[in-house]
Structures are given as C-alpha cells and as structure tokens.
Amino acid sequence: MIESSRLSSPSRSLWRHQRDRLATGLIAAGGIGVVLAVMAIGAFLAFEVLPALVGGGLDVGRLRDSLTPMAWGTLKAALWAMVFAIPLALGAAMHSALFMSQRLRSRMKPTLEMMEALPGVVVGFIAGLVLAPWIERHLAGALALLFLLPSGVLLAAAGWRRLPVSARRHMSLSRAGLWLMPWLALLAYASFALAPMVEERLFGGDLRFWLDAELGLDYATRNALIVGLAMGFAIMPSVYALAEDALSGVPSRLGEGAHALGATRWQTLWRVVLPAAAPGIFAAVMIGAGRAVGETMIVLMASGNTALMSLNPFEGMRTMAAGIAVEMPEAVPGSEEYLLLMLAALLLFAFTFLVNTLAEVVRSRLRRRYRWLGGVP
Amino acid sequence: MTFQGKWRLPCACLAALWLSLSFSAAANEPVGTLGMVGSDTMAGLMLRWGEQLAERHPGIRLQLQASGSASAPPALAAGTTRIGPMSRSMHDHERAAFIEAHGYAPVGVEVARDALVVIVHRHNPLEFLTLAQVDAIFSRTRRCGAEHELTRWERLGVEAIEGRIELHGRNPASGSYGLFRQRALCGGEYRRRLNEHPGAAAVVAAVTESPEAIGYAGLNHLTPGVKALALEADGNRYRPDAERVRQDDYALSRSLYLYTNLPPGEVLSGPERALLDLILSSEGQATVTELGFVALSDEALVQQRRRLGFDTPAP
Amino acid sequence: MKRRIRRPLPRSEGPWAWLTAGSVAVSLLMLGGLLLLISVRGLGHFWPAPVTLVELEDGRAIAGRAVRELPLVGQAGSERLYFTGNRDLDGRVWEWVPVSTIASQERPVDLVVLERRRYGDFIGRLVSVGPIEPTAHPLDQKAVWSRLQARLQAQMTLRDERDRIERDTLRPLVQRVEANPSDREAREALADVNETLRALQAAMHGEVVIIESVDGRRLEQPLDEVLHAWRPNAMSTVEKMMAWGQGVWRFLSEGPRDVNASGGVWPAIFGTVLMVVLMSLLVTPFGVLAAIYLNEVAHQGRMIHLVRIAVRNLAGVPSIVYGVFGLGVFVYGIGSSLDEWFFNDALPSPTFGTGGLLWASLTLALLTLPVVIVATEEGLARIPAEQREGALALGATRLETLTRVVLPMALPAMLTGVILAIARAAGEVAPLMLVGVAKLAPQVPVDGEFPFLHLERKFMHLGYHIYDTAFHGNDVQAALPVVYATALLLVLVILLLNLTAILLRHYFRARHGVLARQP
C-alpha cells in the first residue's frame, strides 16, 4: 500500500489494470490448461488404441475371444448390482423425501453419504472372503431372506394398525425406517436359523445340490449374487442421494395440492411427485449404472474372475475393470495384451462418459422444468 | 582444465593405490547396498535373508524390487543389478541377451526347491490324481491324453463329495499359471470355468471354504485347511513332501534360483559373496524351511558352494 | 420448503409406503452390520484371547485359541479351528478338531504365549530361563515367569542400544564409505562399530529360554527372537485392557512382519497420508484455478456449458481408467523420458519410468480434480452477485474483486471440495495398483538422505495393504485379523475426513445463508 501510493495516480491505475489483464489471462490459460488435461484422458486412450484397431494391429479373433466375456461380465455384474441397489435406493429416497420428518431426514442423508465413502476394497474384502463362503453355507436362508424381508415389513404394517393410537403415534410411519430395524434383524436371524430344517424337507438336504440336480444351475462360491449384493451396497448411496434430490426438489405446491384434494401421501407420491421427478430418478439410476460398470476392487475380490458367459446368478464373471487392474501392471507396453487392456479402458471410459452425459442432460432439463413449475430448483 | 589434465594421471594412481591399500585393510568387512530385482514368490525369502545378513554384517543393506521373475534377466544383462532372484530358470533368449551384453553366461545358483501342489478340501477323501486326470479336470484341450473331461466328483470315484468340480487357479500374469499350464496341462488351455485368483493365498482360502473345490498353489501356502494330493506319473505315486520335491519326483517341482553376474575365473566378493555364503549355509537353508519351501540337499549345497569358489565348507 | 403437514394421518398409506420404510431399514441394517463386523473383528484382534488346553479322545493334547467353527461336510456335528502356533515343532499353525472328539477342555493359568520374530507365535509352558538347573526341580512357574519378564526387559534395552548405534553411528559411516570407498578412517571406524554391534548381538544371542509344548516336546528358544510374552489365562481384565492398548499402539507404530501377516501398518499409514498430502497440494491450486476460470473469467456461453458438463462427467469415469491413463502417460510417457534425460546411467532399471509416489499422487490428483472443481464452482456460484458488483462499483479491478472479495467467501467451499477429494483419494486402490503402490516398502519415502523426499520410490498404502494381505499373503486365515484391523483403520480415517467435510459444509452453508439474505 505504501509503495503503491508513491506512484502517481494515472500510472498506478495503469499498472493495476495491466496486472488485472495479465492475471485474468493467466487464470484463463491455466483454467483452459487444466480442463484440457482432464479431457486428455479420452484423447489419450483413443490415440493409443484406435491406430492399432484400424490398422489391423489387433487380431480380431483374439479380440473377440478375450474381450467378449469381459464385456459380458461387466454388464452382468452391473445388472445384478442394479437389481439390489434400485429397490433399496429408490425406496429409501421416497421414504426420506416424503415420509420422514425434516429432522430425521437431515440425519439420514449424511449417514448414507458416509456409506458411500466406504472404500471399495473394504466392501470387496468382506464380500469375497467373509460373505461369499458364508452365503455358500447358508444359501437357503439367504434366498429366503429375499422374500421374508418384504413380507416381514408388510406383516409389521398389518400389526401396526392394530396397535393403540398412542403407540401408533410413538412408532409412526415416518420413523418406521428405524423401528423396523430390530424386527427385520430378528427375522433375518430366524431365517438363517430355520433354513436348514426347510432345506431338509423340501430340497433333500442341500439347496445347492438341488439346484444342480433339478435346474442344472451350477453354484460357484464367488458369484454374481455376491458381487451384486456388495456392489449394490456400494452404489446404493449415490443413487439414493441423487434420487432424493430429485424427489425433494419437486415444487412443494404440487404435493400440497394433491393433499388438499384428499390424497394420501403415497397417492401423492405415486401420482404427482414421482411423475414430476421421473427424469431425475432416471438420471440417478444411470449414474449408478455408470459406477457399477467401473467398480474395480469389489469385483476383483468377489467375482471369482471366471471367463464365463451365462446369465446364471450363481456363477462368477470377469469384468473389464478387474481385468485391467490385475493384468495391466505385467503387460509390456505396445504388446497385444496391452492394447487389448487399453481398448477395455477406452470402452469403459466411453460407456461411463456417455451414460453420465445422458444423465446430466436429463437432470438439467429437469431443473428447468422445476423452475418453470415455480419451485426452487 | 589444465589443472585437471596435468594432475589427472598422478591423482588416479594415488587413488588406485589408496583404494587397494584400504581394501586390503578392511576387505573383510563387506559394506553397501545390495540391490536386487526379480521374483515375487521369493520376496519373503529374500527379505528374511536380508535381515539375517544385516545381523551378520551390519553394514549391508538390502533393497528388493519384487515385480516378477521376468524382470530379473533384463536388469542383470544391463548390469543394474548383480543378483536376480528367479522362480524359474532363464529362458534361452534371456540368457542370450545376457551373453551378448557381457560376453559370458550368467551363473544361476540354485538356492531352494519349491513345488506347485494340487489341493482339495480337507474332507475330500481323494488321495491322488494322475497327470492325465489333472489335465482332464483343469483343461478343455486334454493334451495329456485323457479321454473324457472330468467335471463331476462322482466321475473320479469320490462318493462323499457331490456335485460339480469347482476349479481354482491363478491369473495369467503369474508364473504359476504358466508353469501349471506347461507341466500339468501339457501346454493346453485352461477351462473357462476356472476361478482366476489374484494370489495363491486366495486359492488356498477358496479351497478351504468349499468341499467341491480343487486348485493349485505353491508349497509355502499350504495350510491344514486343504489337503495336498499325490501325483501319479509313470506308475509311481509321489506326495509333495520335502524329499520328493528335492529329488524332482513330484511332477510339479521347481527350483528357485539366484542369478549372478560373475565373470569366468573370478570369485564373488563383497556383499554378494556374503549373501550367497549365508544362503548356502545351514542357517540360510533353515530359513527356507521356516518359510515353507524345501531346503537343498547337503550334496547340492556343497556342490553349489564349490561352484562359487567358497573354500569353506557349509557350516 | 417442506412444511410439517405430516402429522400421522388417520388414513392408511397402503403397503408400498411401508415397503419404502423397509428399504431404509434394510440399508441401515446392512451399513450397521458391516461397520459392526469390522469394528468387532478389527478391535478384537488386539485382545489377549484365552488359550484352551484341549485333550482329545485319542489322548493327544493341543493348546490354542479357538478361531472358528464349521459344520462337518456330509455328516452331523461340527469341527473347530484352533490356532496352535508352534510352526517350528508342527510345521503348521492350525489344527482342525472335530468337536465330538474333544474329551476335555480347560484353561490352565501357566500357559504362555510368546510372540517371536521367527516361526510366529509359540503356545505352551515355560520350563526355565537359561539352561536347566537340575537342582531347581520342581519348577516354580511364578519364579520362572518373573525371570523371563526381567530377561525380556534386559533384551529390550540391548535391542534399543543396538538400534541406536546402528542409526547414529553405523549408517553415517556406511554412507561415507559408500560415497568414498577409499576413506580409510571411516572404514576403520566402521570395523570398530561392527565389532561393538556383534558383541551386542552375541550378548543377545547367548540367552535361551527352554519352552515346552503341551504334549511335552522341548525347545531351546533364543531369547532375542522373543518379542513379547504373556499368560492370557492368568491376566486380569485390567491387565488385558492394558495389553490391548499396547497392541493397538504397536499396530499403529510398527512396521509389518511375516510378509505383512503380522506386525503393524506404520509404513502404510505414512504412505497413505504422504500420498494424500501430495495429492491435495497438487489438486487444490489447479482445481481452484479451473473453477475460477469456468465461473468468473470465461464467457458463459454454450461452449462453457458443455465443458462444465464434461468436467462433471469425468467425476463418474471409473478410477481404473485414470489408473490406465497414469500408467500410459505419466509412467511410460513422461517417466521414461525423464529417465532418458536425467537418470541415463541407471537405465534400464527405471527411476521415474516405473510407478512411484509422484505418479500416484498425480493420478489421484487428476481423479479428484472434478470433485474440487465442482465444489469450488458451487461455492463461487453461491456468492451473491451484489458482492462482486459492489466491489467493482468501488473501483476495484477484477483481480482485486476476485482476491479480496470472492475468494475469501468461496474459501469454505474450496475446503469442502478438497476434503471430499481427500476422502475419495484415501479410499481409492485400483488406480494405485497401476502407478506405484508396493506390497512391502520398508523404507518410507522420507528419510535423512538427500533430497529427503523420494518421489520416485514406491510406497505402501492402507487400502492396498488390505487387498494384498488378504490375497497375496502366505496364509489368509492368519492374516485376517490384520486385514480387519487395517480395514477398520482405513474406514475410520475416511469417515473422519467425510465428517469434517459434512460439518464444514453445514456450518458454512448456514453462514452463507445469512449473507445471502442481507442485501
């Protein structure tokens, strides 16, 4: 300040403006540079792979042999992950956006955000080394759970209606997410405890042999079901967060109007809020799918890495991401193997980029629609 | 410049004199960093030997880059390392590259024995397999001469275990994958159903957990959770015990090597000598056993020591 | 926005509403179950578990910790896995025992567990410290135990002394000799130090403790290989808690042993933190720069809109793809060129042409760049336009507006972005496998040798440690406790970072809300 005040006023202002222009230029250059560097990824992959692909440097037969099972496995893993993640994520999003109290909701969101932060390597380790052998021994119980949990919830709902009013107010639907937990845990425990008896009666002792003998389904320890469960767990929070944003972003006057006409909250959700937020939910699912396709450590540790091409949920698969992670460090640059893995990386990049762009476009349309409807975006 | 030019010769002479003097004075104390590049199977072994070496000669420090056997030959040929641990012998082209660079062949010192072991669940009553059966179980090409594929335990005459055989093995980047394919599948192709694990310990863990499983892993990974099978070759049945692996009777046995850059007619010196002296001693071989590999026989030990010009017998 | 119109309505909501509540409950249960499992198994590892003496029906006796129990295959009943240690005697450390063959079990107080540097743990009885004195029969367990404790203490002092000499005297001398092989003085000093060290080692080696397995096989155990000794069955709860605390501390502060299956994770903690610090040093300026450009400088046209979408999308590109990019561009591209220019004499052994700390940090910086850009942009967009206009109206230039008004207000958003980036980076493993993480790097990348921070070195990482120990170790079952403990540590670190980010965001959003409402 002291130094600059010594300068005469016009030259000082000139200096200031020159400095301003210089700095702006630098910021622009730096910003463009950074953005270009980030974008360079796609360019680099294409640059590495495409010449070989076009020029015939890659043997098409080999390409088909090794890439098709990986592409198949990638989609299969993502599919099963979505089967687990979508009901959980969308259900939780609907519940927290429409049924929960504001206070509970503000606790719920960070909790599930933390779930998103759990590293894949931890989830994968638990899934591959702990869950997979355990489920192999308790397959009947685990499968029974798929039916038992929803019916348990409905049973609880039916029982709830018979409760006295004071108790009902205490255990309201808005807090059902919490007070259902012990009941469901108990149910899960019962399912695993009772499953061996059912297995003995219905399936002649072991469900896995029954599947093999009667349906011809092979059961591998590390299979699509395990991967789906673990990866569903991993991508569920991000789908939830996006879907919840879309649902709660729907202008509140829409819902209030429906309430005023006598609709229940579920009817309001189903007929009014959900259609309005559908594009946002679609975007959330797409982004979830993008994440499932690229998840590496969970698949690597829990999939068994078998190059099978089947739809059987009890068999393993090999995915592109896991293949890259294991084989890339050993591949010699420029070799066929290396190019093949590069191509896999390019496919992953292209797929996720397209899916995300689609989701982003849909979301920005949605935001405009909300604004038009008069809500706060 | 002139100073340098003028004084270069006397300086060099003096330095050489000084060097020889000082070496004669303290040559008994090897000092320095021993860089090694090579096998990851042997990483644990090398680290433990490094610890022991540091106890014998506190001035020696070991640096290990364990990225796989294939990384050792290029580093040796280029002279960036003097010692390369490898879990297989050098291929011909690797040897040729070394000879081209140095004019003589590298010296491969056998330091331990190892084997790939075919394993099943601990309650599996199966005791042995023929190599043709192993091939029929693991491969889809059946190059070793089996007539049928073996996909179910019943076909092997195992009644206690029902169902399909679950296959576990390593991923293509590992040396075990190649060795098993070459020796047990007669160079054929693995079945697609193979679970490719990124580590041998994972194979053992998977076989421990499921009764229908079969797999292969290195000797040092075995636990009581799995059962090692005997292999039948040419009518003889051999279990993978220390003696059979040492004699190469067990079909999937292999040697572990340290390759060194040693010009003919010279003997090793400094840290390298200290390391090999340790490895080829009873103390070093005890470490081999401790880590689950198979120690060399006494004759092999003496022979290796003689080859390297260690006049002292193995302590 | 959402007013409290949701007092419990008298009418029924129907089954679907309850099912959505069910999915909340199931998600929370899964999360809770996972965290509980990791916490219990991770923390339980350090608790001195009781050792059982099992007599079998065939007369055999084993001593060990029960680890797990599984149903037998094809028949009724179950079998139990005991950790029995004593690899030098038995050649294995596990014993599967069918429960039906157990004749009796007890927990005698005289069973000791020795943690050793070689062959892992020993479980059995103490016979004597030093050679057996025939006169001292029958053995007084208590006296032997306290003597062992005293000797171990003495060993520890000797070990510390040895480490101190090695660090303070030996290493500098070795460096001198390596730098100048003709330094006679140094060589002589070195020979002296070596003599001292050998004498120390001889003093340590000399002592033995005689131990005996429960089935009566005796062993002479050199005392210097014994790291710790305890009698789990004789410990009180307070003693166990103290032992637990020490165990946790050793886990955090020591390096791994036994091919990572035991010991601590200090190098991995150090590597993770160092890598993350370097990454945030790289990502913060670049991310902020790009965000300022996108939000403050660039003309807000269609082009910038597309660029913004693209940057957002890059946050969704799989991390392994970033790893491939890092390997191809940083390691094989830039690294190889650097090697050719500056480290030619070391070729073909690569210096920067292989994975290392620098490349890993750069790759993760690139991976987290979109996170920082998006968060900073959000912060910038949140600042009311009046603030900028006011500054400009007072005659400030754009740069001055930026540095004096806009950036200070956007600081919390940047901070949040960086913390989120750190949390994401700390948990990423897949790209690191391609660009520089190591199974075992006992020397941390920072030391007393010039240039102190070794960017080209490989490093250890908590996440990779989990993967590696669980899949590449010698024995998964033996390594599981370490894996659980490492997983817990990693999860705690990441949760802590996330919590900080969430709280910061919450706090500053509230503050900004106030700002925005004051026109």
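FYI, residue positions are counted from 1 along the chain as it appears here.
Note that Cβ sites are derived from N, Cα and C of the backbone, with glycine treated the same way.
Noted in TrEMBL for the protein shown:
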DOMAIN    A:71-359  domain 'ABC transmembrane type-1'
TRANSMEM  A:21-47  transmembrane segment
TRANSMEM  A:77-100  transmembrane segment
TRANSMEM  A:112-132  transmembrane segment
TRANSMEM  A:138-157  transmembrane segment
TRANSMEM  A:178-198  transmembrane segment
TRANSMEM  A:224-243  transmembrane segment
TRANSMEM  A:272-293  transmembrane segment
TRANSMEM  A:338-359  transmembrane segment
>> If I count Cβ-Cβ pairs under 8 A between the transmembrane segment (A:338-359) and each of A:21-47, A:77-100, A:112-132, A:224-243, which range comes out on top?
In response: A:21-47
>> Should anything in the same chain at least six residues away from the transmembrane segment (A:112-132) have a Cβ under 8 Å from its Cβ atoms, list it; otherwise answer none.
In response: 92, 221-223, 226-227, 229-230, 233-234, 236-238, 240-241, 295-302
>> Same chain only, please: residues at least 6 beyond the ends of the transmembrane segment (A:21-47) with a C-beta under 8 Å from a C-beta of the stretch. Say none if there are none.
In response: 342, 345-346, 349-350, 353
>> With Cβ-Cβ distances below 8 Å as the criterion, list the same-chain residues six or more beyond the ends of the transmembrane segment (A:178-198) that contact it, or say none.
In response: 104, 138, 140-142, 144-145, 148-149, 152-153, 156, 171
> Any residues 6+ beyond the ends of the transmembrane segment (A:272-293) with a Cβ under 8 Å from its own?
Replying inline: 74-75, 77-78, 81-82, 85-86, 89-90, 93-94, 97-98, 231, 234-236, 238-243, 245-247, 249-250, 254-255, 257-258, 263, 321, 348, 351-352, 355-356, 358-360, 362-363, 365-366, 369-370, 373
